[in-house]
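Features of the protein shown, as given by Swiss-Prot:
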SIGNAL    1-19  signal peptide
DISULFID  CYS22-CYS41  disulfide bond
DISULFID  CYS36-CYS58  disulfide bond
DISULFID  CYS60-CYS71  disulfide bond
DISULFID  CYS72-CYS77  disulfide bond
Amino acid sequence: PLLLTLVVVTIVCLDLGYTMTCCNQQSSQPKTTTNCAESSCYKKTWSDHRGTRIERGCGCPQVKSGIKLECCHTNECNN
């Protein structure tokens, strides 16, 4: 019984470390994803001398003015 209890506790603990899948490709590159410890994904959009730039990743960072930030909370929501 003790061993079974330890196995159940281990499984429950491992499930608590759920990771989210966020897109992490830049601008118009082919879609790529990464597993994140954060519970959100972001998409930053801004314009510079090269045109419209897009950065994607994990979390929800603070941005400077002039940068559009979208944060979301489902897998691959920042594509």
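Glycine too: its Cβ is placed from the backbone N, Cα and C atoms.
Rounded to a whole number, the C-alpha distance linking CYS41 (disulfide bond) with CYS58 (disulfide bond) is 5 angstrom. Inclusion criterion for the disulfide-bonded residues CYS60, CYS71, CYS72, CYS77: a C-alpha placed within 10 angstroms of the C-alpha of CYS36 (disulfide bond); this criterion is met by none of them.
Around CYS71 (disulfide bond), the same-chain residues six or more apart in sequence whose CB sits under 8 Å from its CB are SER40, CYS41, TYR42, CYS60, listed in sequence order. Neighbour list (CYS58 (disulfide bond), Cβ cut-off 8 Å, at least 6 residues apart, same chain): MET20, CYS22, ASN24, THR34, CYS36, ALA37, GLU38, SER40, CYS41, TYR42. When secondary structure is read from DSSP and collapsed to three states, CYS58 (disulfide bond) falls in the strand class. The Cβ of CYS77 (disulfide bond) has 17 neighbouring Cβ atoms from other residues within 10 Å, across all protein chains displayed.
For CYS72 (disulfide bond), the same-chain residues 6+ apart in sequence whose C-beta sits under 8 angstroms from its C-beta are SER40, CYS41, TYR42, LYS43, ASN78.
With every protein chain in view, the residue among the disulfide-bonded residues CYS22, CYS36, CYS41, CYS60 whose Cβ has the most Cβ partners within 10 Å turns out to be CYS41.
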